[in-house]
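Each remark here refers to the structure printed beneath this line.
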Amino acid sequence: MAENCTRKLIVEICNAKNLMPKDGQGTASAYAIVDFDGQRRRTKTKLRDLNPVWDEKLEFLVHEIESMATEILEINLYNDKKTGKRSTFLGKVKLAGSVFVKAGDESLVYYPLEKRSVFSQIKGEIGVKVFYVDEETPPVAAEAAAEEKAGAAGEKPLENPKPEEDKKEEKVEEKKEEEEKPKEESPKEEEKPNPPPAENSNPQDAAPAATPATTAPSAEVENPPLAHKEPIKAAKDKAETGKSTELVINELELRSLSGDRSHAYDLVDRMPFLYVRVVKAKRANKEPACPAYAKLVIGTHSIKTKSQIDKDWDQVFSFDKDGLNSSSLEVSVWTEEEKKEEEKEGATSLVENCLGTVSFDLQEVPKRVPPDSPLAPQWYSLESEKSPGNDVMVAVWVGTQADEAFQEAWQSDSGGLIPETRAKVYLSPMGEIEIAVRFSCSSWLSLIQAYGSPLLPRMHYIRPLGPAQQDILRHTAMRIVTARLARSEPPLGQEVVQFMLDSDTHVWSMRRSKANWFRVVGCLSHAATLARWLDGIRTWAHPPTTVLLHVLLLAVVLCPHLVLPTVFMYAFLILALRFRYRLRVPNNMDPRLSYVDAVGPDELDEEFDGLPTTRSPDTIRIRYDRLRALAGRAQTLLGDVAAQGERLEALFNWRDPRATGMFVVFCLFASLLFYVVPFKVFVLGSGFYYIRHPRFRDDMPSVPLNFFRRLPSLSDQIM
């Protein structure tokens, strides 16, 4: 193929059949968005038709002919938000470049529409023709005219002409003219709100004016691109061949494709957030003045601004983008008016009125990564049948936790799950009034998602931080939070933040050590209670219970498939019965659990003493002796635990040859015995032997226990 040959991909969107109604009135106003190789085209909207017919041809430029087979053509159908509240998803189709055919071999093919997620409600199919055309690039007439003009003037023509530099200079001059033009038109823009860019704006209007040699064909005017993305290499090839299609390049995508370039805003793990800045609203009817607030809705998530009277909100909200369950954002403005009730004299009721709604497709929201300049808010017209002419100033973008707005954003640490806060007053048994805030979630799916999601970002589990790094981060976070809360009213000191972040848990405290010890004892008490219950059954302390356990053992051995259902049913009944005894008051500080009442002044002084200590040598000696006594008990306990494990290890290491030899012979006879005796018989016999009557039981320890205690440990080898 010649080097001056270019290829165009023609996508003919013919029609669609049996689409899913999405406008709430049993129909849908569908339009198609086609993406290929960083280029995007859009069809016209077919109003209120579940079987729309477009018959539109969309042209795409193939940048690299050799790699066309590896490209993906994606077609997305949407319900136009001009006729409904939100631009809902109708389905998508993905086609590989290997199925593209040459012009003349194409045929109409119907593809079933695919879902975007598990919860999408999609049906229907779309008819498409896809083919490519190879064209020869016409010679550039401007170069020939320049040579003739230079020859007529008797001048020597340039050997290396640089049309790209000339074009750059022209674009710089045009850019200066465009920057001066908005300054003149700024008063008009303040008077008339700008329309939403996703609806009425055309990216080609913002592009520099094309030269006569690069005039766009009529097909581009009928099907304007929504947001074009073209690599730098393709843009240079296009300038050299003199192609006519003007493409708008996304600077963020170019930066991501330009290579591994690091800067000060690089993060270990980027977490995407959706940022919404609501500045103010402008009403067509300003009388009478009443409180107003803005409400943001994303699927099942909703949040609203403060209610203000003739004041700007200027609030920023951030949502975890991965936790959103909808592809549409709705911003509505509401007013609160007090009206007198006719039935009751002097009584008033609060009535809320909606001034309008504007919807944003989250797939078309721009991205911003520092050090990019902040996104300026724009005026958007609120769609309303009752009160038209109202506007709201909003800025919507997708960023990371490095964004400057993250620090001041509301709901920034909710993980995308917006809880409902309900205040409740509790009466403490001391007689004081305590105010608590209860966080609840109305959606069970969101609640399950919150409990099932990890606590930390993914990078913390792939490359976990060491104890020293965690301590440094904890103290850094404590200093940052302390600096912010010190400016609050009333100001909070460092000790409050230190207590909230538990940054001093590694410091020795006698009181806290006692509390942790008894917490461990409390957890092990359930196992001790179970052991005492089994010992009571084993010794026939309550004969009816022991007889019942015999029957239960027979049922388990004869019907083993009922073990798990019985265990889970027993757990269900126990938990259901304990529900009525649950705590009615939220958990608060427990002085008894913290051992505050039993602590002495010296122990409190030791707890609040810093590192290094500032106390007298006599006080330090007393505390050291006390610590040695406690450490001696812990040392003995650790030695006993280690001895049990060493005895079990000695049984397999031939540390005591006679004991290991006896164990080897026992294993041989046990293998032959279990080969003959069924496992059910062994379990039944062992259970009956364990719970046999005390008349058939000896007071001395059993033979296996005596054998285990005689095994050697490493305690005798320690000096």
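For all residues, glycine too, the Cβ spot is worked out from N, Cα and C.
Any TrEMBL annotation is an automated prediction that lacks curation.
Taken from TrEMBL, the feature domain 'C2' applies to 1-110, 255-380. The region 'Disordered' annotation in TrEMBL covers 142-242. The compositional bias 'Basic and acidic residues' annotation in TrEMBL covers 146-193, 227-242. As annotated by TrEMBL, compositional bias 'Low complexity' applies to 199-217. The transmembrane segment annotation in TrEMBL covers 547-577, 663-691.
A Cβ distance under 8 Å defines the sequence-distant neighbours of the transmembrane segment (663-691), meaning residues of its chain 6+ beyond its ends; these are 537-538, 546, 549-550, 553-554, 557-558, 560, 651. Confidence annotation: the domain 'C2' (255-380) carries a mean pLDDT of 76 in the model. Tertiary neighbourhood of the transmembrane segment (547-577): same-chain residues 537, 680, 683-684, 687-688, 691, selected by CB-CB distance under 8 Å and a gap of 6+ residues from either end.
For the domain 'C2' (1-110), the DSSP counts in helix, strand and coil order read 6 helix, 55 strand, 49 coil. Residues of the domain 'C2' (255-380) grouped by DSSP class, helix first, strand second and coil last, total 9 helix, 59 strand, 58 coil.
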